[in-house]
Amino acid sequence: MSHYESQVREPLIKGHKTYHDISNDIARPIESKSGKLWWTAFGIAFVAFLVGVGCIAYTVGTGIGVWGLNRTINWAWDITNFVWWVGIGHAGTLISAVLLLFRQKWRMSVNRSAEAMTIFAVVQAALFPVIHMGRPWLMYWVFPIPNQFGSLWPNFNSPLLWDVFAISTYFSVSVVFWYIGLIPDFALIRDRATKPFAKKVYGILSFGWGGKAKHWQRFEEISLVLAGLCTPLVFSVHTIVSFDFATSVIKGWHSTVYPPYFVAGAIFSGFAMVQTLLGVLRKVFHYEAYITRKHIEYMNIVIVVTGGMVAVAYLTELWIAWYSGSRYEDFTYFSPGAATGPYWWAFWALIICNVLIPGLLWFRPIRRNFFWTFIISIVVNVGMWFERFDIIVINLSRDYLPSSWTMFMPTFVDVGIFVGTNGFFFVLYLLYARTFPVLPQAELKTILKSSGESYKKHHTEDEHHEH
Amino acid sequence: MTNTKIVYGLYGDDDDLLKAVKSIRKQGITIDEVYTPFPVHGLDKALGLKKTRISDIAFFYGLFGTTLASTMTWFIMNHDWAQDIGGKPSFSWGQNMPAFVPIMFELTVFCAAHFMSWTYLFRNKLYPGAAPQNPDPRTTDDKFMIEIHTTDVEKIKNVFVETGAEEVTLKGDYIQPNVNNLVQEEA
């Protein structure tokens, strides 16, 4: 009776699972050997990763001139990819922190993988601020470290320095939040392990966790406080990323709508990436009982809501560009100068991928369909890449002085580094999926009796008996 | 040596555990520890645990971060090298404060989150390579265990059996823990 939940809600754990079944399902991928599919995927990702390593080494060894940048368009694929990866990372924190604050129980079977995605995506993002420097070996000069130059400090007025603080705080806090949640799950794997090596490794990783009552009490408190801290953090990080553009004097960039609009876009693309990854994960790991159609639908609703916010921002940009009366704003990426300019194809790719196709998620049969969800999630990420490309490149290519107008063409090094970060991301993600508990056992077990399918049925039968 | 012994009662369900905890405490018996695979709602209340103060200290860690960031930006930007960078007023900290807000915010969150996490690990005695704190490996899977330190072992054993324990064991007395188990059929 204490576990009563409205029958209106669809069950979040399907089938007749017990606590022990949940443990078994979570431990299975860790305790079994990798199959052909995993090795193939890992091989492809690793090759892509090596391509990226090669291109980065070439860039650093030769100079930034091997990229397609020019004196007008001095930010292009580097920062596009940086913002893209940071944006992808945001859904993880959103799922684990914001949805925790809102007591959304459906986040439980999604959050672990989403947080892993956050961390691996932020790793990719963090590469770009370093490798796009002309002298990356002097990177440590951005930190306020007392030094022999009379103590020469960084300039705290620059959003690029704020970025350093934002990204490093975001990364480190996300890792800690993720890890503290993992400790009880590592303890489960440790206590099941039969091989001495695995027992040793998970023994170290689980920090000696024993599930004492007081420890759980503190665990729940710290999870809640970390969620409370991560929520403003996730909003601030992408806000600060948007300041890179919004605090400039470039037309099309100096817009006050950027902070919320970038955050909405980040959630939009982040959730799309979660959909792409979970769409595969639930099939390969046979997690259909935990990542149900309802989970996919919930995430699609978030995508359609944030996609709507992004669309409103596009319209705002267009309206303000016209309403400002500034002739320069005519080249804002959503204005006639861009829609019909030389980058018209990038502009229309954005509109099609971010506004029109995700609009299909308004239809219930589509947002509850695994196949279409998977396709749309990929389309959204393509669209969000174009959004950043458009913001950066279109606005830079046609600036205040017509004598500086130019076009941008990426080189194979630009492309290679982007491919490399995708490879690196999947290398990390694939290794994670084989060694980490990808579903949080401790959290799922707390909702089994309230939201498990068999328990919910049980309650209805009880009521029939009483009447 | 005292003849205090440690008795463990193993339960198969969180609802049974909660009922058992309440009933044992009603009999005036002190429960020394409870091990569960997941946070059981209401267990801390049933055990009479005090509210944790970890979030209170996090607030002060956060304040430390804000102070650190304010002092650092003032020292570097206004005191040590009060330069004109792009026309930003560097005569006083207040004049250029908006540019320092992102740093102040991030350092507040950084200090609050990290120091609180370190406090959490320290207070729980969790560190890489620590010995598992749970006496039975099944308590991280699907079993729930109550630990009682007593001089009257028989009484506690009976209390466990009466409250529906699946298995009752005495620490250290048996080579094989299952030899003296009192297995209780489902009530």
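Glycine too: its Cβ is placed from the backbone N, Cα and C atoms.
According to TrEMBL:
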type: TRANSMEM; residues: A:37-70; note: transmembrane segment
type: TRANSMEM; residues: A:82-102; note: transmembrane segment
type: TRANSMEM; residues: A:114-134; note: transmembrane segment
type: TRANSMEM; residues: A:160-182; note: transmembrane segment
type: TRANSMEM; residues: A:222-241; note: transmembrane segment
type: TRANSMEM; residues: A:261-281; note: transmembrane segment
type: TRANSMEM; residues: A:301-323; note: transmembrane segment
type: TRANSMEM; residues: A:343-363; note: transmembrane segment
type: TRANSMEM; residues: A:370-387; note: transmembrane segment
type: TRANSMEM; residues: A:407-432; note: transmembrane segment
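Using a cut-off of 8 Å between Cβ atoms, the transmembrane segment (A:301-323) and the transmembrane segment (A:370-387) share at least three residue pairs, counting only pairs 6 or more apart in sequence. Below 8 A, the CB atoms of the transmembrane segment (A:407-432) and the transmembrane segment (A:343-363) form no more than two pairs separated by six or more positions in the chain, fewer than 3 in all. At the 8 Å Cβ cutoff, the transmembrane segment (A:370-387) and the transmembrane segment (A:261-281) share at least 3 close pairs (sequence separation 6 or more) and count as touching. Long-range neighbours of the transmembrane segment (A:114-134) within the same chain, counting only residues 6 or more positions beyond its ends whose Cβ lies under 8 Å from a Cβ of the stretch, are 56, 59-60, 63-64, 75, 78-79, 81-86, 88-96, 160, 163-164, 167, 170-171, 174-175, 177-178, 181, 270, 273-274, 277, 417, 421-422, 424-425, 428-429, 432, 436, 438. Taking every listed stretch (A:37-70, A:82-102, A:222-241, A:343-363) in turn, the largest tally of C-beta pairs under 8 A with the transmembrane segment (A:261-281) is reached by A:82-102.
Sequence-distant contacts of the transmembrane segment (A:222-241) (same chain, at least 6 residues past either end, Cβ-Cβ under 8 Å): 82-83, 86-87, 90, 93-94, 96-98, 100-101, 159, 162-163, 165-167, 169-170, 173-174, 176-177, 180-181, 259-260, 262-263, 266.
Distant neighbours of the transmembrane segment (A:343-363): 268, 300-301, 303-304, 307, 310-311, 314, 333-334, 372, 376, 379-380, 382-384, 386-387, 389-390, 393-394, 397; these residues of the same chain sit at least 6 beyond its ends, with a Cβ under 8 Å from one of its Cβ atoms.
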